[in-house]
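Scroll down for the structure; my scribbles are underneath it.
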Amino acid sequence: MGRLFGTDGVRGLANRDVTAELALDVSVAAAHVLASRGAFEGHRPRAVVGRDPRASGEFLSAAVAAGLASAGVDVDLVGVLPTPAVAYLTGARGVDLGVVLSASHNPMPDNGIKFLARGGHKLEDDVEAAIEARLGDDWDRPVGADVGRIRVDVGLAGQQYVDHLVSTTSTRLEGLRIVVDCANGAASEVGPAALREAGADVVVINASPDGRNINEGAGSTHPEPLQAAVVAAHADLGVAFDGDADRCLAVDAQGRVVDGDQIMGLLAIALHERGELAHDTLVTTVMSNLGLKLAMQAAGIATVETGVGDRYVLEAMRAGGYSLGGEQSGHIILAEHATTGDGVLTALHLAARVASSGRPLHELAAVVRRLPQTLVNVSGVDRTRTDDDVLREAVAGAQKELDGSGRVLLRPSGTEALVRVMVEAGTQEQADRVAQELAGVVRERLAL
């Protein structure tokens, strides 16, 4: 697998890359590394372990629990819950470690192992590196009463998370009909439950996980079933989660998709109006549509841009003390209430904004006018040479042509011989033309 930890923990093909043996070994190593750094000083260590509904999660969570317990860590096995639920429980219960078995929006055969530090935050990179370096080491093993105990806690943990979600807003949702697409994933129970407890009339689709059907033609990466269901149910809006419910996309009453940029924009304005948007700033990535930035400027809200990935958004938010950030894909972080992207929390606050404003979702979302966007993937090129002088001149010329009403972004792939050319412009025709022209320069100048 090369380097074990990626940007979102350990991930790969379950039982081939991510095996029971690996899950056990990495959990033992994690416990000992954290202990050596003083994380367990003066108390008996405890962890929360949850998973999404993939079949492989059953044996992987058992292996993680076994590894932690063998290293002297007590374990709360909370069963199938969203990644942000495990993060919340890690903080709320004051435990030392959280572990999630999930591959998020990836296909069912994949799975992953994600460790969370005390408080529910992602482990620091240097801690992950230390865990990886100590895999397979010999350790002093606890014996007798010092071994960890494993406690199964399914229903109580889920209800604790739902209660937390509902407590984050005082706005009731009576009178709203909401269709919820759970992607046959980790939020299949808690997602609808939270919206119902907040007062909404909830119609549920794709909430029958069987261990095999997670993300299959459903959820935030496949909005078509939700679009049809919202129109058929005459609903006010629909929301879709991915497999581990760390992201949320929406659909308005007409069946049109409302993406993460639009959700962030309308939530930012709502918080700004109430004086609750920290530093009057929204954190986005470079892939957010320019229309979002322009809308925020018009509303008196600053934007901070990061690299692509919710981990970079989180880092910027923590460093600057910001309260709202996210990605176009629907990873949205409400830092007053969560330590990570939380799809169900986002859905709840989106619905609360609709309810409190008395305005339909399509009208609220229209504040962000998405500029036409074209993305061209240019393969077979040297991704390390995007600083080529001729290419830089071509990009500068394109940016001058767009004259502030659009933008150009070149993104080299992190793993492939590929460069992504993204152009936003005033019209789709212009975006297509400029993108193809720049793609031609990339092919000519960077060909392998």
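Heads up, the Cβ atoms here are built off N, Cα and C, so glycines get one too.
Summarising the annotation, TrEMBL assigns active site, phosphoserine intermediate to SER104. The Mg(2+) binding site feature in TrEMBL is assigned to SER104, ASP242, ASP244, ASP246. Under the heading domain 'Alpha-D-phosphohexomutase alpha/beta/alpha', TrEMBL lists 3-135, 160-255, 259-367. Taken from TrEMBL, the feature domain 'Alpha-D-phosphohexomutase C-terminal' covers 386-439. Taken from TrEMBL, the feature phosphoserine covers SER104.
Between the domain 'Alpha-D-phosphohexomutase alpha/beta/alpha' (160-255) and the domain 'Alpha-D-phosphohexomutase C-terminal' (386-439), the number of CB pairs under 8 angstroms, six or more residues apart, is fewer than three, so the stretches are not in contact. The CA atom of SER104 (active site, phosphoserine intermediate) is located 5 Å away from the CA atom of ASP244 (Mg(2+) binding site). Taking the centroid of the Cβ atoms of SER104, ASP242, ASP244, ASP246 as the Mg(2+) site, the other same-chain residues with Cβ within 8 Å of it are ASP52, PRO82, THR83, SER102, HIS105, GLY185, ALA186, PHE241, GLY243, ALA245, ARG247, GLY343.
Averaged across the domain 'Alpha-D-phosphohexomutase alpha/beta/alpha' (160-255), the predicted model reaches a pLDDT of 98.
Spatially close to ASP242 (Mg(2+) binding site) yet at least six residues away along the chain are SER104, HIS105, ALA183, GLY185, ASN215, GLY219, SER220, THR221, GLY330, GLY343, judged by Cβ distances under 8 angstroms.
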